[in-house]
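Okay, so here's the structure we're looking at.
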């Protein structure tokens, strides 16, 4: 889809479909009023008949209005004045896209810039709008014998006042990069596990480096992981025929002496639970257990597209967790790269076992910040549901920055504590630490486990178990989160 920004009067624009907003109580914004005047009150007449109440997301298509170059006018309800928030604005945008998809026109122009969205300026409104539209165009039908019909719509133009055009352009540019990153994340998450395994992800990284020249990729194999002393990482992979990989991504958009930000992604390409086997019902969704790593891919794609002036490192800890005669057993003790020993009480608490070695590996980059992203605990879904990611960290300023980024990007997180009392749940009589802390506060104790390997830098942990994918039903699939949050965090660091 091509997105453009133009500063023209809506009544003079030649387009297949002109989109205008109408509030409840027949409220017309400046753009709708201009078109209404040009058509001799055609819009007002329709509203007086009660064909459109103006509730958020209601649509009404008008054909061939007089004195317009637009072939059609699509009216969309914007709700009550001064009550339009992010959620309602996204609903409005989705309703517009749903209608446009069913039309024959190859282009459309959206005159929505005069809508007041609470707490959002022209830049933020444009970004929210374009991101919603672009993400709404996503289709995954790679393995369908009957593909989706090609979309007739090829171009969307945002109409903006001249004073706002630069801000709208920038918002649109950022949104397209974020949406492209989300699409990559969703594609990788939605792939079947017989295709998407650790070696495949290494090849995908190399492919991304070919697309963007500023990206360097190194793929560490099983031999190298053993040389590094990553006993915890290797323990997760030892039951599978698929070899593990630590994928290292490096982008240098700033001066070489500027410390990088590091993103660490959990990449369990399929999680059976290992010897601590999961129930069969819903196990197919454990292909999404690599969505942390997929979100690092997606965030890198967005950063590379925007060419942000920052230095960024990605560490993707990729393995498959399978039961076999050679698999790790409950009760096994392994030595991590840090030298700390871990008693593995449950092989289904494997994400933290690959992440801990990756977090130790991150030390060599002398980072400004390290953020790990993982579909780590079912307890996070119990605590926060599927709307909000869990967030913990050892530096309050970093945590606040991520919370702020999530609010702006409409990809929110919520902070959970890492009090010392929770650390005691991880005590082991046989090793330095146990990999689970009992039934209470499971998300927090998982964060406590990771914190033991992140003491040499500012670190935060995002638990995306509830937000990375949608379970069951027709909408089942990866969401692309938290690419918007992470990209916004890096945009702010690049200023």
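In case you wondered, yes, glycine gets a Cβ from its N, Cα and C as well.
Database features, via Swiss-Prot:
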| type | residues | note |
| --- | --- | --- |
| ACT_SITE | 278 | active site |
| ACT_SITE | 352 | active site |
| BINDING | 266, 271, 289, 350 | Mn(2+) 2 binding site |
| BINDING | 271, 348, 350 | Mn(2+) 1 binding site |
| message | Using a Cβ cut-off under 8 Å and a sequence separation of 6 or more, which residues in the same chain sit near residue 266 (Mn(2+) 2 binding site)? | response | 289, 290, 292, 293, 317, 351, 354, 355, 372, 373, 374, 375, 376
| said: Suppose the Mn(2+) 1 site is 271, 348, 350. Which further residues of the same chain have a Cβ inside 8 angstroms of that site's Cβ centroid? | reply: 236, 268, 272, 273, 274, 276, 278, 286, 289, 321, 347, 349, 351
| remark: Within 10 angstroms of the C-beta of residue 278 (active site), the count of other C-beta atoms across all shown chains comes to 14
| query | For residue 350 (Mn(2+) 2 binding site), which residues in the same chain are close in space, meaning a Cβ under 8 Å from its Cβ, but six or more apart along the sequence? | reply | 236, 268, 271, 274, 319, 321
| request: Give the three-state DSSP assignment (helix, strand or coil) for residue 266 (Mn(2+) 2 binding site). | output: strand
| Taking the Cβ of residue 348 (Mn(2+) 1 binding site) as reference, which residues of that chain separated by at least 6 in sequence fall under 8 Å from it? | 271, 273, 274, 276, 277, 278, 321
| message | Other than 266, 271, 289, 350 themselves, what residues in this chain have Cβ atoms within 8 Å of the centroid of the Mn(2+) 2 site's Cβ atoms? | response | 236, 267, 268, 286, 290, 319, 321, 351, 354, 374, 375
| request: Within 10 Å of the Cβ of residue 271 (Mn(2+) 2 binding site), how many other Cβ atoms can you find? Include all protein chains, please. | output: 26
